[in-house]
Amino acid sequence: MNPGVAGIGSASFLADVGHEVPTALLPSLLATTLGAPAAALGLIEGLADALAGVGRLAGGALADDPQRRRTVAVGGYTATAVLSSLLGVATNVWQVGALRAGAWFARGVRVPARNALLADLVPANAYGRAYGFERAMDNLGAIGGPLLALGLVAVFSVRTAILISVIPGVLAALAIIYAISRAAQPAVRERVPIRLRIRPVLRGDLGRLLGAITAFEVGNVAATLLILRATELLTPAHGIEAATSIALGLYVAYNIAATLASIPAGHTSDRLGKRGPILVMTAGITLFGIAYAALAFDTVSYLLLALPFIAAGLAIGCVETAEHAAVAALAPTDLRGSAFGLLATVQSLGNFAASAIAGLLWTLVSPNAAWAYLAAWMGIALIGMLFTRTGRAAEV
């Protein structure tokens, strides 16, 4: 790991800590401080997630140019930090919605630039380790952010705690600036036009890889549904309060497993050569299939429920690391922004589709049917992986 990779990993950790604080405190700000109904939270989060998806597409187009991607990365981290912290001075619901949507758009824009920049910092045989480290730091930030929020509200008001969250966010932007200073300067050349180049990205092995990833993401449900499944299964035996606490504990175990899996997954991906990312991704998808199949069965034992949670955590640590390493290996420098933008968009839309359809099946049929449906998509994704190679990069 070189200093530039350490800088990007630090940025991911600090940024996640920074925006997880207002995320954790947003329900309290809306409901308690501003007196807004629950529907307001759903509308604001839905709008923010939609704009984050748009931001990922826009960020991909901007990040194809090696020089421009540096500016986009710094601007994206800075804007996310400032806009998120300004929630602490919002006086009505529409201000909260505008700031949250703006912050999430900026967060979406920065993702392709950061991922493309990370590929600029390491040789191809170290992509797995680099992306594994970045994913581990991101997951660690997702654990640390809510804990920081808990500590801050024990001392300060909700508004003050949200304002303080600008500090780790700005430190994240400084970490990105440091990482950029450690990267080789891009060659002076004609600037790349700002456009998302989808057709070149979908050619060859990169297109087949994204097809398999799409099948996976359509079955990659939000972790909140895992929490809901555990809560519903445990409530009859333990009561709603204890079931909720146990389910949240299982979610912490999920995040810890994801954090611990990311770096070894990256090392394994590099050690296995060109097929490494595909093999690691296949292992992760298999673990997801096992976890989802297990959740399709009813159990009242929290020890048995811990197994699919941990398996899913290990799985996401493997898959996210390998996805990024494979795209970096197959996308030429001039297409990396578009490739990572398309990957991020597939992840966002796929997660939405998975959660929406699974939620409908859960309500209209049964939870068992929902998890069986998701497990089936993991099987389809595994079939797609059989037709994926990592030998030929897309052509510009």
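Backbone N, Cα and C define each Cβ position, glycine as well.
The feature domain 'Major facilitator superfamily (MFS) profile' is assigned by TrEMBL to 1-393.
Feature annotation from TrEMBL assigns transmembrane segment to 139-156 (among others).
As annotated by TrEMBL, transmembrane segment applies to 162-185 (among others). Only residues 6 or more beyond the boundaries of the transmembrane segment (162-185), in the same chain, are considered here, and those with a CB under 8 A from a CB of the stretch are 2-8, 10-15, 17-19, 21-22, 25, 29, 70, 73-74, 77-78, 80-82, 84-85, 87-89, 114, 117, 120-121, 148, 152, 156.
Beyond its flanks by at least six residues, the transmembrane segment (206-228) meets 247-248, 250-251, 254, 278, 281, 285, 288, 292, 295, 308-309, 312, 316, 319, 323, 326-327, 330-331, 339, 342-343, 346-347, 349-351, 353-355, 358-359, 362, 370, 373-378, 380-381, 384-385, 387-390, 393-394 of its own chain at Cβ-Cβ distances under 8 Å. For 206-228 (among others), the entry in TrEMBL reads transmembrane segment.
Per TrEMBL, transmembrane segment is recorded for 248-266 (among others). Using a Cβ-Cβ cut-off under 8 Å and counting only residues 6 or more beyond its ends in the same chain, the transmembrane segment (248-266) has close neighbours at 127-133, 135-136, 139-140, 142-143, 223, 226-227, 230, 280, 284, 302, 305-306, 309-318, 320-322, 325.
Per TrEMBL, transmembrane segment is recorded for 278-295 (among others).
Taken from TrEMBL, the feature transmembrane segment applies to 301-319 (among others).
If you look up TrEMBL, you'll see 340-364 (among others) marked as transmembrane segment. Listed as Cβ neighbours of the transmembrane segment (340-364) (distance under 8 Å, sequence separation of 6 or more from its ends, same chain) are residues 49, 52-53, 56-61, 63, 108, 111-112, 115-116, 196, 198, 201, 210, 213-214, 216-222, 224-225, 323-324, 327, 331, 370-371, 373-374, 377.
TrEMBL lists 370-388 (among others) with the feature transmembrane segment. For the transmembrane segment (370-388), same-chain residues at least 6 beyond its ends with a Cβ under 8 Å from one of its own Cβ atoms are 205, 208-209, 211-213, 215-216, 218-219, 221, 225, 229, 278, 281-282, 285-286, 288-289, 292-293, 295-296, 354, 357-359, 361-362.
Taken as a whole, the domain 'Major facilitator superfamily (MFS) profile' (1-393) shows an average pLDDT of 86 in this prediction.
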